[in-house]
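Features as listed in TrEMBL:
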type: ACT_SITE; residues: Glu105; note: active site, nucleophile
type: ACT_SITE; residues: Glu109; note: active site, proton donor
type: DOMAIN; residues: 25-219; note: domain 'GH16'
type: CARBOHYD; residues: Asn113; note: N-linked glycosylation site
type: TRANSMEM; residues: 12-32; note: transmembrane segment
Amino acid sequence: MGSFFHYGFPRIFLILALVFNSCMVSYGGNFFQEFDFTWGGNRAKIFNGGQLLSLSLDRQSGSGFQSKKEHLFGRIDMQIKLVAGNSAGTVTTYYLSSQGPTHDEIDFEFLGNVTGEPYILHTNIYAQGKGNKEQQFYLWFDPTKNFHTYSIIWKPQHIIFLVDNTPIRVYKNAESVGVPFPKNQPMRIYSSLWNADDWATRGGLVKTDWAKSPFTAYYRNYMAQRFSTSQFNDEKWQSQELDANGRRRLRWVQKNFMIYNYCTDIKRFPQGFPPECRRF
């Protein structure tokens, strides 16, 4: 891991910053300006002049928000501190989505757990209304103690999920083998905190302990970056993913922290894995 860090900063962060910040349009930071509350009433709050947002869940309702702007490709970063303590039965979501029966979607979902047991980070991709591309991970830190950065890089050729600038998943465009890829529908950013104790923790065996409510998650340092026209005209940029260190970190995460991969679920796909799994 030593060569991955340089003067206290992950090298991949520096490389990604060079690759994705050049000629990009960046905006964000203020929740008042960038987001609308969508449900939950006063369970959703903004503090510190728009720099901090919280969502809460109680027995009556959860809460959520969405971005005012739509995005078609770019990089989205959000720092989140998840529900602490006994979060079993709760789900905190952070995702990009369009609307309608043939919607596209790129998901982070954080499945709560009893005190002392790890969160499960659930990822998925939908294209033209079809998902079923799940990968799940444990995290290598306690996501309730401090804020951590969760990022999505969305390009026409691939989607990269990152945690604290460490890549955890790369999903490549497999249209050449007949698999739809989200690339035509602009998407908004959404987040919500809600009760899912019928399935979220140990398949629904562990229920939400309402005596511990309200449950609260916190958000800060939102940033969205749009790619420029010159980048889209650059074929090398289109196909560029991770450098050698990024690929090494990706392998480290997938070897040590991945707990489910649809591309290896033989029971689910007895007749053969989906074509994008065979391709990559």
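Glycine is no exception: its Cβ is also placed from the backbone N, Cα and C atoms.
Residue environment of the residue listed as 'active site, nucleophile' contains 18 other Cβ atoms, counted within 10 Å of its Cβ in all protein chains. Calculated from their C-alpha atoms, the gap between Asn113 (N-linked glycosylation site) and Glu105 (active site, nucleophile) amounts to 25 Å.
Using a 10 Å radius centred on the Cβ of Asn113 (N-linked glycosylation site) and all shown protein chains, the other Cβ atoms total 19. A sphere of 10 angstroms centred on the C-beta of Glu109 (active site, proton donor) encloses 19 other C-beta atoms.
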